[in-house]
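According to TrEMBL, the features are:
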type	residues	note
DOMAIN	20-245	domain 'Radical SAM core'
BINDING	R29, R79, T110, K171, R275, V276, R277	GTP binding site
BINDING	C36, C40, C43	[4Fe-4S] cluster 1 binding site
BINDING	Y42, G83, S134, M205	S-adenosyl-L-methionine binding site
BINDING	C270, C273, C287	[4Fe-4S] cluster 2 binding site
REGION	324-343	region 'Disordered'
Amino acid sequence: MSRTSLPMPRPRADARLVDRYGRVGRDLRVSVTDRCNLRCTYCMPAEGLPWLAKPEMLTDDELVRLIGIFVDLGVRQVRFTGGEPLLRRSLTDVVRRVAALEPRPQMALTSNGIGLDRLAAPLAEAGLDRVNVSLDTVDRDTFKQLTLRDRLADVEAGLKAAADAGLTPVKVNSVAMRGVNEHRVAELLQWCLDRGYELRFIEQMPLDAQHAWTRDEMITADELHERLAERFTLTPLPDASRGSAPAERFLVDGGPATVGIIASVTRPFCGACDRVRLTADGQVRNCLFARGEGDLRALLRGGADDETIAAAITGEMARKRAGHGIDDESFVQPDRPMSAIGG
Ligand code: SAM
Ligand code: SF4
């Protein structure tokens, strides 16, 4: 039998978001705004970016209608992200409305944590299940150097409020930067262990608005592992526990606490990807690194029915490439930066 005639894995009957490699879209990442109140240097320039104008952004009704169509197509987890998702004032209402969908998807949030001290409890009450808070250092000066804002105390308060509100397990996402915070990764892990937060490191990807990423400067998953192993005993958890989750997880000092390392660049997990993305201006993207996108906002505002919109979404999924191709000679960074796609 030739490779191309291999039978596709048969997805379950409720899964309609299937690509040509048999991968099924289950996890929808929704960017609810492209704005942000930090300026992480690996993400956006000090002066910020030309933000979307309000009329370009999906309204709450449009957003909830689209999420409902994705759920009909088999999405079972919705993650709200951005930009900084807590800057969308109506986020709690959106969460409440998505919680009323049938079947109710699991809901998570990726946030820089600023404002979570006020919003964690209302979001949990509205139906949010979990949060990931991004935090690259617990040293105040390094935080300022990395984010160009003196807001470490707000992030710490946000994390605590998330844990108190039961948005657990509280996960912390971290990017290590050469010469900036790389030498403090063990300190960050100890800080998270002391507070019961689950830390995951993510390799820096070529998705910054400035196009300053270089592979030589990136801290690799292997380097991170070496640095952490200088202070902790890391025992790999079996791959079977990973599923479509991108993190390679390790028990720390025999467990039960774990640390994750996401080798998005050096050991890509595209073969197990179950993600699909919706931008704040209503474009569906089949990959962070997609070069194209499908304009759902134009369909919505042109009066299209749900079936037509669903067909546009499945069409975009069908175009999903086998991998992100960062290592290919022909790799071109997408026009949209991470903050405008939704990480
Ligand atoms: N503002 C929120 C936050 O920081 O969590 C949500 C959006 S942010 C784009 C989502 C995640 O992407 C954060 O954990 C951030 O550290 C990560 N990120 C941003 N730019 C990145 C890059 N170039 N490579 C890897 N991760 C990146
Ligand atoms: Fe803002 Fe998140 Fe980008 Fe940092 S990583 S600048 S918090 S969008």
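Glycine too: its Cβ is placed from the backbone N, Cα and C atoms.
Taking the features listed in TrEMBL, we show where each one sits on the structure.
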residue : record                               : DSSP (3 states)
C36     : [4Fe-4S] cluster 1 binding site      : coil
G83     : S-adenosyl-L-methionine binding site : coil
T110    : GTP binding site                     : strand
S134    : S-adenosyl-L-methionine binding site : strand
M205    : S-adenosyl-L-methionine binding site : coil
C270    : [4Fe-4S] cluster 2 binding site      : helix
R275    : GTP binding site                     : strand
C287    : [4Fe-4S] cluster 2 binding site      : coil
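Selection of the binding-site residues R79, T110, K171, M205, C273, V276 by a Cβ distance under 6 Å from ligand 1 yields, in sequence order, T110, M205. Under the DSSP three-state reduction, R29 (GTP binding site) is assigned to strand. Around S134 (S-adenosyl-L-methionine binding site), the same-chain residues at least 6 positions away in sequence with a Cβ under 8 Å from its Cβ are C40, T110, S111, N112, G113, V172, N173, S174, V175. Cα of C273 ([4Fe-4S] cluster 2 binding site) to Cα of R79 (GTP binding site): a distance of 15 Å. Listed in sequence order, the binding-site residues among C36, C40, C43, R79, G83, C273 whose CB lies under 6 angstroms from an atom of ligand 2 come out as C36, C40, C43, G83. When the binding-site residues C36, Y42, C43, G83, M205, C270 are screened for a C-alpha within 10 angstroms of the C-alpha of R277 (GTP binding site), no residue qualifies.
Taking the C-alpha atom of R275 (GTP binding site) as reference, the shortest distance to any of the binding-site residues C36, Y42, G83, M205, C287 belongs to C287.
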